[in-house]
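Asker: I have a structure I would like to understand better, so I am pasting it below and will then ask my questions one at a time.
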Amino acid sequence: MSASTESYLSHARYGKDKVRVFRVVREGKWHHVVEYNVTALLEGEIDVSYTKADNSVVVATDSIKNITYYLAKISPHILHPERFAIHLGTHLVSKYAHIHKAFVTIEKLRWARIPVAEGVEAAKPHPHAFYRDGDDKRIAKVEIDGTGGKDKLVAKVTSGITDLLVLKSTGSAFENFVRDEYTTLVEVNDRIFSTSIDLSYVFAPFAVPAPQDEKKLGLGLGDAAQGTGWDGEAVAEAARKITLETFATDESASVQATLYKMAQLIIAENASVQSVTYALPNKHYVPVDMKYIGVDNMTPAAAEVFVPIAAPSGLISATISRKQR
Ligand SMILES: O=c1[nH]c(=O)c2[nH]c(=O)[nH]c2[nH]1
């Protein structure tokens, strides 16, 4: 029996990963900077490159990288991860007849303006000096679907945040959980709650024009996006604010209950968001038992010294979806 009767190619996607892009946009002396890690992957009529060693259908991943840098240079959307991802995705699907889908993921690293005080004045954001003000990243994931025709491109956008590390030293309890022969955890009405937030939210798909004149794409895309009420930038800001403020102010009964409140608020306040997913590790902080020297560090009110436990952690996740009307 030949190998080909046993198996077939059921899925194929390829492209460039970890394309590191830094871009400065100068408005006179006022500079804007972004740093992205870009992944750009393609699907289409590429099977023979796997099954027949035929590279005639392969747009080299090196070329995909070059297109990414070219668009970083000319795109009017470079400062906005979702819009830049849409630009890159539509460019790839429009340019190559046999490529029907592009999957672009952008991880945006943080660069914030350094506040500088001159004389007695309050500190002001510096026009061209920046610092890394957090390890969290904004994520924009875009699928450009050209399977309905190159003149009917559809954008499916999922955005979010990863690695947003938060902690609260009170306002969190965990009680009334299952108690049986395996239970050693004590119920607490006051504990430390820390998690590294992983959030993603899915927008309703919307039509985008294929780029006709690359340098004018901005206007067309803006119009198309506006028609759907889509504004990736505003939703990103709202989602981050809701996440942080709910975490801070909720009298948390559990990670599960706080997660649900955050997700409900994002859906309620952002009409274009269809569903919200959080994955929240419960990063445990365990009070150090000092009974052996006659010191109480274990009752909630006396617990002041803790061991941060890296592993194992809980892992609480859920997707909250908009009800269809
Ligand atoms: O908020 C929590 N949810 C759990 O499911 C859980 N399980 C656990 O041991 N501690 C916690 N805390």
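Just so it is clear, glycine is given a Cβ too, placed from its N, Cα and C backbone atoms.
From TrEMBL, for reference:
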type	residues	note
ACT_SITE	Lys16	active site, charge relay system
ACT_SITE	Thr61	active site, charge relay system
BINDING	Thr61, Asn282	O2 binding site
BINDING	Thr61, Asp62, Phe174, Arg191, Gln256, Asn282	5-hydroxyisourate binding site
BINDING	Thr61, Asp62, Phe174, Arg191, Val255, Gln256, Asn282	urate binding site
ACT_SITE	His284	active site, charge relay system
Asker: Whole number in angstrom, please: the longest C-alpha to C-alpha distance across Thr61, Asp62, Phe174, Arg191, Gln256, Asn282 for 5-hydroxyisourate.
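Answerer: Max span of the 5-hydroxyisourate binding residues, Cα based, is 52 Å.
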Asker: Measuring Cβ to any atom of ligand 1 with a strict under-6 Å cutoff, which of the recorded positions Thr61, Phe174, Arg191, Val255, Asn282, His284 qualify?
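Answerer: Result: Phe174, Val255, Asn282.
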Asker: Rounded to the nearest angstrom, how far is the Cα of Asp62 (5-hydroxyisourate binding site) from the Cα of Val255 (urate binding site)?
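Answerer: Here the two Cα atoms lie 44 Å apart.
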Asker: Where Asn282 (O2 binding site) and Thr61 (active site, charge relay system) are concerned, what is their Cα separation in Å, rounded?
Answerer: 39
Asker: Can you check what DSSP calls Val255 (urate binding site), collapsed to helix, strand or coil?
Answerer: helix
Asker: Would you kindly give the Cα-Cα distance separating His284 (active site, charge relay system) and Gln256 (5-hydroxyisourate binding site), rounded to the nearest Å?
Answerer: 15
Asker: For Phe174 (5-hydroxyisourate binding site), what is the tally of other C-beta atoms lying within 10 angstroms of its C-beta?
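Answerer: Step by step: centre on the Cβ of Phe174 (5-hydroxyisourate binding site), count other Cβ atoms within 10 Å, giving 21.
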Asker: Determine, to the nearest whole angstrom, how far the Cα atom of Arg191 (5-hydroxyisourate binding site) is from the Cα atom of His284 (active site, charge relay system).
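Answerer: If we compare the Cα positions of Arg191 (5-hydroxyisourate binding site) and His284 (active site, charge relay system), the gap is 9 Å.
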